[in-house]
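What follows is a short report on a single structure.
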Amino acid sequence: MQCWIRQTINFFRKTKNTEKLTALLQQKEDILAVEIPVSLVYNGISHAVMMCSPNNLEDFALGFSLTEGIINKPEDIYGIDVVEVCNGIEVQIELSSRKFMALKEHRRNLTGRTGCGICGTEQLNQVYKTFPKLDCTFQFDLNLLDSCLIDLQKNQLLGCKTGATHACAFFDLYGSMLAIYEDVGRHVALDKLLGWHAKSGKPRGFILASSRASYEMVQKTVACGVEMLVTISAATDLAVTMAEKHNLTLIGFAREGKGNIYSGHLRLHN
């Protein structure tokens with residue numbers, strides 16, 4: 001399914017020689033990002049409905065299953081089928097019997113909005129999850145970050161067309177981009193990338209995201225054992241607390257030649 005459509009719209013603007021707006025009924029062609037409800041169905045039982053871009057949904061299903069703790073490893077999933085239905089898309093996931101039994105014990109239904117929200121959470125004390133503390137297995141040369149930022153920007157093909165999507169990319173320790181995923185929801189883009197990361201053998205490196213660093217972005221990164229998250233915008237206080245607790249290197253406001261290091265500075269050098 002295509003991730004963008006063309007549509008004729010009305011627009012307004014000021015001309016160079018006047019402070020007045022031109023007529024509101026001028027028309028132009030615009031490109032809109034496609035946003036569609038995607039139902040994640042485990043062994044025939046609907047678990048979650050998320051608003052997504054309709055691409056790379058197998059990777060999304062794998063990443064979501066990992067970051068939500070439904071599975072521990074890709075091998076816990078026996079098969080994934082993407083099926084278009086009349087009002088959206090169903091991603092049909094076949095879990096191992098053991099994982100499906102565990103899921104049924106605390107199955108919940110939810111409707112997400114552009115990938116936001118703590119998925120399937122009913123009580124406040126379920127929000128704050130604890131994971132094993134991340135080991136420090138590498139150091140990253142901050143001088144390489146500028147080229148990574150350039151690569152992130154120029155490879156956001158859907159974002160360049162529509163201006164309506166987020167991107168998450170994975171870079172190795174030499175600053176080479178290994179994968180990039182875009183979606184209308186930043187959490188969904190991250191789940192897609194983490195699905196790729198898991199099925200690719202968990203290469204060492206870091207995630208660069210076009211969004212802010214929210215608590216859930218940090219939680220998903222930590223859950224999949226990635227040691228470093230860099231974002232274009234700021235981090236929230238809870239995201240920083242989560243990063244510090246789990247020894248995640250977290251950088252925000254990443255720009256050419258600068259950035260805020262919120263936690264995990266021992267992985268960085270210049």
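We number each residue from 1, going along the chain as drawn.
Backbone N, Cα and C atoms are what each Cβ position is placed from, and that goes for glycine too.
Among the features that Swiss-Prot reports, active site, cysteine persulfide intermediate is placed at C116, with the record citing sequence analysis. What Swiss-Prot records for F253, A254, R255, E256, G257, K258 is Mo-bis(molybdopterin guanine dinucleotide) binding site, and it gives sequence analysis as the kind of evidence.
Long-range neighbours of A254 (Mo-bis(molybdopterin guanine dinucleotide) binding site) (same chain, six or more residues apart, CB within less than 8 Å of its CB): L145, L149, L208, V230, T231, I232. Within 10 Å of the C-beta of K258 (Mo-bis(molybdopterin guanine dinucleotide) binding site) there are 10 other C-beta atoms, taking all protein chains into account. Around R255 (Mo-bis(molybdopterin guanine dinucleotide) binding site), a 10 Å sphere centred on its CB holds 11 further CB atoms from the protein chains shown. Reduced to three states, the DSSP call for G257 (Mo-bis(molybdopterin guanine dinucleotide) binding site) is coil. F253 (Mo-bis(molybdopterin guanine dinucleotide) binding site) counts 16 other C-beta atoms within 10 Å of its own C-beta, drawing on all protein chains shown. Take the CB of G257 (Mo-bis(molybdopterin guanine dinucleotide) binding site) and look out to 10 A: across all protein chains shown you find 9 other CB atoms. Other than F253, A254, R255, E256, G257, K258, the residues of this chain whose Cβ falls within 8 Å of the Cβ centroid of the Mo-bis(molybdopterin guanine dinucleotide) site are, in sequence order, L145, D146, L149, G259. E256 (Mo-bis(molybdopterin guanine dinucleotide) binding site) is surrounded by 10 other CB atoms, counting those within 10 A of its CB over all protein chains shown.
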